[in-house]
Amino acid sequence: MKILFTNIKELLQTRDNPTTALKAEAMKVLPTIKNAYLLIEDQKISQYGSMNNLPTIEVDKQVDLSGKMVLPTWCDSHTHLVYAGNREQEFIDRINGLSYEEIAAKGGGILNSAKTLENTSENELFEQSVKRLESVGRLGTGALEIKSGYGLSLEGELKMLRVIKRLKEYSGITIKSTFLGAHAVPLSFKENRQAYIDYIIATILPEVVSQGLAEYIDVFCEKGYFSVSDMERILEAATEKGLIPKVHVNQFNAIGGIKAAIKYNALTVDHLEVIEEQDITAMQNANTIAVALPLCSFFLGIPYSPAKKLIEAGIPFALASDYNPGSSPSGNMNQVVSTACIKMKLNPEEAINAATINAAHAMGIASTHGSITPGKVANFIITKDVPSYGYLMYDFGNNNIDSVYINGMALD
Ligand code: NIG
Ligand code: FE
């Protein structure tokens with residue numbers, strides 16, 4: 001099946017595939033073609049170019065996109081999209097003055113979601129999650145990573161990871177799976193965190209690996225959750241079994257998680273709201289990608305990650321939603337890029353690069369996703385009639401998406 005899209009007002013992110021994530025000045029460059037055509041063939045991008053050079057080709061279907069722009073779908077490299085219920089009550093509690101950490105200390109937070117998940121059947125968990133997945137697909141997300149971490153027991157973690165596997169099988173959206181057993185210490189191990197880590201390493205991790213349920217390993221390295229040495233123990237065991245680290249660090253406190261993660265060749269270090277000079281130096285000497293989560297800062301009212309500083313320091317940088325019930329109950333990547341421009345002062349080019357090609361690197365799928373490149377999957381967003389691509393970020397909160405194609409097919 002060949003489909004030809006013609007008269008595209010501007011085709012964004014047309015590039016040869018970079019083998020590593022973009023850095024520094026390269027982040028400011030967004031290759032585009034005005035008045036373009038795009039040919040897709042059998043679920044893949046086949047050719048593109050200027051309408052002035054439109055080749056004569058026989059196609060099955062031709063679509064006129066006058067006035068509209070085309071860009072690759074967003075890649076969302078950090079989500080907790082599989083969860084049960086919601087935490088609206090904690091949202092109200094925060095409005096009334098409690099902090100995220102105070103709520104967690106009272107047994108709310110991640111443990112609250114863990115309790116709800118325990119009382120939710122696997123089928124029900126799938127049904128709730130697939131609705132979220134379909135909704136972010138319509139908002140232009142064509143690939144995403146999903147973490148476990150609300151199970152906190154062998155049964156619970158496997159239940160979440162099996163749901164992620166079912167989502168992979170069910171949906172055309174590309175999904176990567178991350179084992180986050182060390183998200184919080186469950187009540188049953190309240191007084192003995194080390195025993196919980198032993199249990200993760202000796203009991204849950206081997207099952208996750210032998211059942212092929214995760215490609216990445218994550219730890220919430222933070223005061224009150226898991227220390228740097230806890231994280232090192234888990235990363236040591238998990239990397240030995242072939243999982244690649246993508247970790248939560250420096251959300252509320254800088255405790256040395258970045259340097260430790262880099263030692264284990266982390267693909268990404270995520271959050272980074274609180275950063276010290278030594279963290280920047282550690283990242284400058286590594287290939288690990290810094291992933292910022294602006295909607296978490298927006299929703300919790302915590303500092304934004306110093307994105308501009310990271311980019312200027314030459315650190316590869318990506319953006320993600322952190323979609324989860326406690327700190328970012330939205331997986332809207334349009335809102336992510338807008339917020340990154342508004343609050344982190346990224347240029348539209350930097351924001352788009354951070355949420356497409358660099359985000360694809362941040363989830364290990366850059367050879368197939370993240371840019372308009374022949375041979376990559378035909379995943380792209382067609383915008384409504386907009387004046388320029390910067391308008392997409394400026395016009396925040398408004399829906400400028402006309403349609404979304406995943407594997408060469410329009411979503412309904
Ligand atoms: O990335 N910080 C840890 N994990 C999530 C929040 C999880 C939750 O509150 O349920 C995050 O913000
Ligand atoms: Fe997270």
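Here the Cβ of each residue, glycine as well, is placed from N, Cα and C on the backbone.
Per TrEMBL, domain 'Amidohydrolase-related' is recorded for 69-408. Annotation source TrEMBL lists Fe(3+) binding site at His78, His80, His248, Asp322. If you look up TrEMBL, you'll see His78, His80, His248, Asp322 marked as Zn(2+) binding site. Among the features that TrEMBL reports, 4-imidazolone-5-propanoate binding site is placed at Arg87, Tyr150, His183, Gln251, Ser327. Marked as N-formimidoyl-L-glutamate binding site by TrEMBL: Tyr150, Asn324, Gly326.
Closest by Cα distance to Gly326 (N-formimidoyl-L-glutamate binding site), from the binding-site residues His78, Tyr150, His248, is Tyr150. Same-chain residues that are not part of Tyr150, Asn324, Gly326 yet have a Cβ within 8 Å of the Cβ center of the N-formimidoyl-L-glutamate site turn out to be His80, Tyr83, Arg87, Gly109, Ile110, Ser113, Gly149, Pro325, Ser327. Here the binding-site residues are Gln251, Asn324, Ser327, and the one whose Cβ sees the fewest other Cβ atoms within 10 Å is Ser327. Of all the binding-site residues given, namely Tyr150, His183, Asn324, those whose Cα is no farther than the 10 Å limit from the Cα of His248 (Fe(3+) binding site) are His183.
With the fewest other Cβ atoms inside 10 Å of its Cβ, the least crowded of the binding-site residues His78, His80, Arg87, His183, His248 in this structure is Arg87.
Confidence for the domain 'Amidohydrolase-related' (69-408), expressed as mean pLDDT, is 97. Among the binding-site residues His78, His80, Asp322, the ones whose Cα is located within 10 Å of the Cα of Tyr150 (4-imidazolone-5-propanoate binding site) are His80.
Put simply, Gln251 (4-imidazolone-5-propanoate binding site) is 14 Å from His78 (Fe(3+) binding site) when counted between their Cα atoms.
The binding-site residues shown are His80, Asp322, Asn324; of these, the one with its CA atom nearest the CA of Arg87 (4-imidazolone-5-propanoate binding site) is Asn324. Across the fold, the C-alpha of Ser327 (4-imidazolone-5-propanoate binding site) and the C-alpha of His80 (Fe(3+) binding site) stand 10 Å from each other. Within 8 Å of the centroid defined by the CB atoms of His78, His80, His248, Asp322, the record's Zn(2+) site, lie the Cβ atoms of Thr79, Lys147, Asp218, Asp270, His271, Leu293, Cys296, Ala320, Tyr323, Asn324, Ser327, Ser328, excluding the listed residues themselves. Of all the Cβ atoms in the protein chains shown, 28 others lie within 10 Å of the Cβ of Asp322 (Fe(3+) binding site).
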